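Following: one structure in structure tokens, then a few remarks.
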């Protein structure tokens, strides 16, 4: 399935963003980045194709340019382009790419990811810290840009941006992502819910429907995944508070409805296909029983239509008008993969089999796989979104490949020698971003550790210069000599005043780890087996 779609893209659509499978040509959709190629890159390695991975890395370095006059979705560019490049960067050594000294804390794909992310930073320059939905990659935010952004478009940055800050040492990315998350948290209603769309200039809710699906979904996902990736107890506490409110106001018979965010009254009794990520997310916090019950509800819808319609009316048990399509989304398959890792329940493999058979039967055409325009009569639409290769096929493959390196339980790892010391990578516990690009938490730890060691050296330097400065002042008072100046040159501080400024900017060191997993490193089994968080005590 992967190669039928991938080869069709290369032959008919590259260098456009996406393939149009019915007309066997291509078109740009999210910014003219050859998006399908970026999105499919780490899938190539998961399938074991190191030679094509290496070839594509060279193609991307030679052809992708972010300095273009294009209006791009901040959300989509982050999850697909920044996320895809970061993941490929961290997997490049495993794929046999010759990496430069200092990897994983440096490298050409990392620099590309940083360049793309910097193009998005102007969107965050708002009074609330919440980003605009669209930014021009050359000119920044257009003067007439709408300030209304969906909740997911504000709260889906911490995984990629914190990874970027950890690898590069520039805190600006993680800082803006955290500021946006906090402002959403502060904007929740008195009953603990968030709406669907908000004005990023005023902070006022524009759409007040609360649920777990479209427009909100990956905000909740990133609170959990950000907490695991960064070992951040505060992010997990925020999600658990939301989870209580979601259960209290939106859950009915293991379905999740849409309600008014301030009153909790039902506004839309529908299930959206995008909500099917929720059982997988519940498995990450160890709530397996509830996750399985909800998953089985969603699976009945799949069996009814051979796919998940975008909207499904729960009381009527049928599709919603003009929302009958299935663009080959991955969310239900994603949940099946997580739950199968947690339970081994063969029912989850049955969903995988059904998904393979129905996608092959309904959507396969000569030039790839086409979006299903209407699940009632299986009419097709002329589009194959990049997430089909990034997510849908990847999660299916991982569901049926228990020995894939992504599922590593920590029993094997790679020791990487850098100019700064040894790093342990590839020990498992990969965190998937919302576009299914895996991030190795160990790389963040490795690069952050290097920064901490650098701070320790700087502390010693400051103490040394402080002693010399005090001695100089003593000499000045006793011998009337001129003021002492620290020696200039590479790697030294220009003046005593700068020492204090540097000290103020240095992040506070965390003495006690907030979260820990017993008898194993945090890189092992963290994401999939339910051993998520225990207090360090």
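Backbone N, Cα and C atoms are what each Cβ position is placed from, and that goes for glycine too.
Unlike curated entries, TrEMBL annotations are predicted automatically.
With a cut-off of 8 Å between CB atoms and residues at least 6 apart in sequence, the same chain places 30, 31 near residue 76 (active site, proton donor), listed in sequence order. Positions annotated as active site, proton donor by TrEMBL: 76 (among others).
The active site annotation in TrEMBL covers 217 (among others). In the structure as shown, the Cβ atom of residue 217 (active site) sits within 10 Å of 25 other Cβ atoms.
All protein chains included, residue 310 (active site, proton donor) registers 21 other Cβ atoms within 10 Å of its own Cβ. Positions annotated as active site, proton donor by TrEMBL: 310 (among others).
In sequence order, 273, 274, 275, 276, 277, 280, 308 are the residues near residue 331 (active site), counting only same-chain partners six or more apart with C-beta under 8 A. Summarising the annotation, TrEMBL assigns active site to 331 (among others).
Sequence annotations record features per position, and here TrEMBL assigns compositional bias 'Basic and acidic residues' to 497-507.
Positions annotated as region 'Disordered' by TrEMBL: 476-516.
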Pairwise Cα distance for residue 217 (active site)/residue 310 (active site, proton donor) [Å, integer]: 14
